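The structure appears right after this line, and notes come after that.
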Amino acid sequence: MVEIDPFEMAVQQLERAAQFMDISEEALEWLKRPMRIVEVSVPVEMDDGSVKVFTGFRVQHNWARGPTKGGIRWHPAETLSTVKALATWMTWKVAVVDLPYGGGKGGIIVDPKKLSEREQERLARSYIRAVYDVIGPWTDIPAPDVYTNPKIMAWMMDEYETIMRRKGPAFGVITGKPPGVGGIVARMDATARGAAFTIREAAKALGWDDLKGKTIAIQGYGNAGYYLHKIMSEEFGMKVVAVSDSKGGIYNPDGLPPADEVLKWKKEHGSVKDMPGTQNITNEELLELEVDILAPSAIEGVITKENADNVKAKIVAEVANGPVTPEADEILHEKGILQIPDFLCNAGGVTVSYFEWVQNINGFYWTVEETRKRLDDKMTKAFWDVFNTHKEKNIHMRDAAYVVAVSRVYEAMKHRGWVKK
């Protein structure tokens with residue numbers, strides 16, 4: 001099977017969306033290209049005294065709506081094409097929830113599991129020394145991503161402050177930091193909570209009174225999967241009947257044990273499998289369960305043309321990135337299943353990162369309750385913007401999300417005089 005280039009895929013998705021909107025060819029050509037691509041050498045002194053030089057990237061896709069925003073990935077198979085694609089997709093994600101940002105993304109080709117903690121810190125600081133002049137609170141705001149975390153963000157922020165010789169904190173340069181250095185507590189469950197709000201609104205769109213007693217199956221039990229289980233069962237009264245991880249899943253039609261118990265079992269046994277009071281199922285079986293809502297929250301490409309016709313859920317909430325293939329999209333649409341596309345469904349994380357940045361810039365911090373209320377408002381409006389476009393144009397929810405997002409970026413470009421039409 002020939003693997004498609006990630007950036008080529010991003011361009012093709014943009015071209016598909018353009019069919020459903022009035023956008024000029026010159027604007028479309030501009031949106032197909034990142035506005036800035038930076039490739040840097042990142043030298044690191046290793047613990048044995050030797051020096052290794054790693055390759056790093058920072059891509060800023062479009063800043064028509066504001067500073068670019070996006071995570072920094074550390075991965076041995078990182079490529080410039082992947083970073084360009086992710087920066088492009090980030091532009092649409094921040095636009096669909098109407099954040100005043102453009103899309104950015106960074107990466108380093110490295111296997112962080114082979115580095116000591118001190119080597120990781122030196123890598124983080126060296127990367128910032130290489131890109132400090134293209135990032136900043138009003139320019140480009142990084143965040144955690146694959147194999148990076150709040151601790152690494154704090155090192156990066158500290159290095160940026162040191163280089164810029166600021167007389168005070170530069171908290172706003174990076175989000176996803178620990179609470180003690182400008183981070184916010186509400187970030188932990190933000191992706192799952194944002195997804196929960198879109199699920200609630202999707203239920204309303206289908207005419208359901210509420211979610212109490214409705215069933216949901218969640219594929220994936222990382223941060224997003226665990227918190228989604230916890231929020232949907234404890235706050236929305238849903239019956240979580242199945243969850244899974246990479247080794248398999250568990251099922252109970254009457255509802256699983258509480259999320260904290262499932263997480264405890266997973267930590268002690270390395271998987272959710274074999275938990276008392278449940279029956280083991282495969283990840284494939286989970287996707288085809290008779291449930292009201294299916295939430296693929298693990299990896300991409302799990303719902304394909306081979307199994308899409310067997311999906312029985314009425315709502316598919318794409319908490320993971322790209323869990324449904326384009327061919328499967330068509331099948332789910334024909335079956336009348338309401339999809340919440342990934343870059344809308346999982347935008348809660350970047351939305352709360354935006355809230356962190358706003359609070360850093362203003363030096364005034366909200367309560368967790370206030371942060372969650374603002375997240376609810378953002379995700380609710382975004383869902384209905386997309387759903388109404390889906391109905392008005394009679395197009396797929398994913399296409400509708402692209403139309404909403406691309407239109408907002410296009411409008412900003414016209415206002416700036418970058419394009420005439």
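Note that Cβ sites are derived from N, Cα and C of the backbone, with glycine treated the same way.
Positions annotated as active site by Swiss-Prot: Lys105. If you look up Swiss-Prot, you'll see Gly220, Tyr221, Gly222, Asn223, Ala224, Gly225, Tyr226 marked as NAD(+) binding site.
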For Lys105 (active site), the three-state class that DSSP assigns: strand
Beyond the site residues Gly220, Tyr221, Gly222, Asn223, Ala224, Gly225, Tyr226: chain residues whose C-beta lies within 8 Å of the centroid, for NAD(+): Ala192, Ile218, Tyr227, Leu228, Ser297, Ala298
Distant-in-sequence Cβ neighbours of Asn223 (NAD(+) binding site), under 8 Å, six or more positions away: Met188, Thr191, Ala192
Spatial separation of Lys105 (active site) from Tyr221 (NAD(+) binding site) - C-alpha basis, Å: 25
Under 8 Å by Cβ from Tyr226 (NAD(+) binding site), same chain, sequence gap 6 or more: Ala192, Ala259, Val262, Leu263
List of residues, in chain order, with Cβ under 8 A from that of Lys105 (active site) and at least 6 apart: Phe57, Arg58, Val59, His61, Gly70, Gly71, Ile72, Arg73, Val83, Lys84, Leu86, Ala87, Met90, Asp145
Chain-internal residues near Gly222 (NAD(+) binding site), provided their CB is under 8 angstroms and they sit 6+ positions away: Asp245, Ser297, Ala298
Cβ-Cβ neighbours of Gly220 (NAD(+) binding site) (radius 10 Å): 25
